[in-house]
Amino acid sequence: MNLLRNALIGGIVLVSFLLIIRWNEFQERKFEETQLQQSSANNSERVAPSIPSEQPQAPNGEEVPDAPASDSKDAVEFTANADNDRQIHISTDTLDLVIDTNGGDIVRLALPQYYAMLHEKDNPFVLLNNNDTSTYIAQSGLVGPNGTDGKNGRPRFSAASSDYTLEPGKDTLVVDLKYQQESAIITKRFTFHRDSYLIDLEYLIENTGDTNWVGNLYGQIKRDDHNPAQAVGVGMQPFLGAAITTPETNYKKLKFDELAKEKLEVSNTGGWVAMVQHYFMSAWVPDQDKDQKYVLRKSRNANMYFLSFTTLTSTTVAPGTTGSIKAQYYAGPKHIRVLEKIAPHLDLTIDYSWLWFIAKPLFYALDFIHGLVGNWGLAIILLTCCIKLVFFYPSAMSYRSMAKMRKVQPLMNELKERYGDDRQRMSAELMKLYKKEKVNPLGGCLPILLQMPVFIALYWMIMESVELRHAPFFLWIHDLSVRDPYFVLPLIMGVTMWIQQKLNPTPADPMQAKVMQLMPFFFTALFMMFPAGLVLYWVVNNTLSITQQYIITRQIEKAD
């Protein structure tokens, strides 16, 4: 019995240790990431586009995917100067971005509704950027027989303005980039929507020649492997890397080092490809009814990673007609309900770990409660009460078992004094006593065993849900996704654990008793590193457990 109980305690300690390593790494990364956002924001400028060139311009160290019919084994790499005098600025209620007219790439994208730091609300979070510190951009173009992007470079588009703003009262903003081919007029159209992070991309091809225009659309995410957390900390951290859905698996993650070893090529009808980081992501979502070729790989000559799709079926535009090719690009927070509507399985980029089947319903419940009360802290408290109701009867059975254990504690002490030198005889007598008094010595472990998966799932849910990022509670707690700045909640949690121990029977094994006495102190130190939202759950859960256990214990004592 003692062996099983010690194994349980050891398992809890191990899980807690792994969780604290994870959370500590995340905190360190969050600080470093913030510094990067500040640097990026300060280096950004608004500049007007230059006069368009009739000839394609070679991109700066970029790679353009081959058309599906190409015999080339590798994409072509280019080198050229990247000027800052050819950019246009676009602003909506949710996005603040810069498009380079050379290729029509998104080279910077900030999220005005999300702050880099809680106390600096004038400094928006920067998701995409291209500077001396890091490279993370979204590219798209046309490849194939008549494509504008290829071995000879990329097109220089023209725009009607250098600044575009979504005006009050309007729900959409359309930005057209123009390029004149020898026998076609190419319009690259970006459509932005109010209260949305999803960008519609459409290529309009007006064939002014006397032969068919043939080409394929590609979309690509280009990023280096800069990891804001690599300078400090050890252990696990929130996932940073590529993600894709394939016919074989709904969600496949690939770290940078995996892509460096071997590229991934897959064909799929519809699908998506994404670059995932903590709280935020960007993803290309092509036409869900057409076949696409996806390639995820590392550049041959630079420390760059490319996640691309290319339409497998070429678009043919007859002379004197206009054709179009469409795709969508998402860049923003990982809102589960939003991602569910964009494409199948895109919501899996919210990494709830292996207990996702528990964490996901927990978030839906938490989100529903938040819609009623308007405060995430109160929602966590009410969710805790609901969870406690679910475990009410198993907990009651366990507390009755522990109350009976307290009742037979004097008899157990007598057996210990009588057979202390004969452990085998003492164990046999204890089993007889348990059977006679109808006591289950492991009954008190049941609530912990049942709640640990919920506790771990709740941890991941709080850690991965962008809705809790910078979400305030009351008084000194301004962000439930980070640790309590004054450690008030962890101290309260430690006190509740100590009170719970007083209600439980003292273990017969002296060593085990000492370990149990140290548990409140250990967990108090441990929970100082946990997010305040998670500690709040544990405090409320312990308080409700103490109340239930106290009532049951008194009822059994009065019955005697």
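Cβ coordinates are placed from backbone N, Cα and C, and glycine is handled just like the others.
What Swiss-Prot lists as compositional bias 'Polar residues' is 34-45.
Per Swiss-Prot, region 'Disordered' is recorded for 34-74.
Under the heading transmembrane segment, Swiss-Prot lists 1-21 (among others).
According to Swiss-Prot, the transmembrane segment annotation covers 303-325 (among others), on the basis of sequence analysis.
Sequence-distant contacts of the transmembrane segment (349-369) (same chain, six or more residues past either end, CB-CB distance under 8 Å): 238-239, 243, 251, 253, 274, 276, 281, 283, 334, 336-337, 339, 376, 378-380, 382-383, 386, 453-454, 456-458, 460-461, 464-465, 467. Residues or ranges marked as transmembrane segment by Swiss-Prot on the basis of sequence analysis: 349-369 (among others).
Annotation comment: Swiss-Prot describes 372-392 (among others) as transmembrane segment, evidence class sequence analysis.
Residues or ranges marked as transmembrane segment by Swiss-Prot: 442-462 (among others).
Packing against the transmembrane segment (473-493) from elsewhere in the chain are residues 23, 27, 30, 118, 375-378, 380, 462-463, 465, 523-525, 527-533, 535-536, 538-539, 542: each is 6 or more residues past its ends and has a CB under 8 Å from a CB in it. According to Swiss-Prot, the feature transmembrane segment maps to 473-493 (among others).
For 520-540 (among others), the entry in Swiss-Prot reads transmembrane segment.
With a threshold of 8 Å between CB atoms, the same-chain residues lying at least 6 positions outside the transmembrane segment (520-540) that come near it are 13, 16-17, 19-20, 23-24, 27, 376-377, 380-381, 383-385, 455, 458-459, 462-463, 468, 471, 473, 477, 479-484, 487, 489-498, 501.
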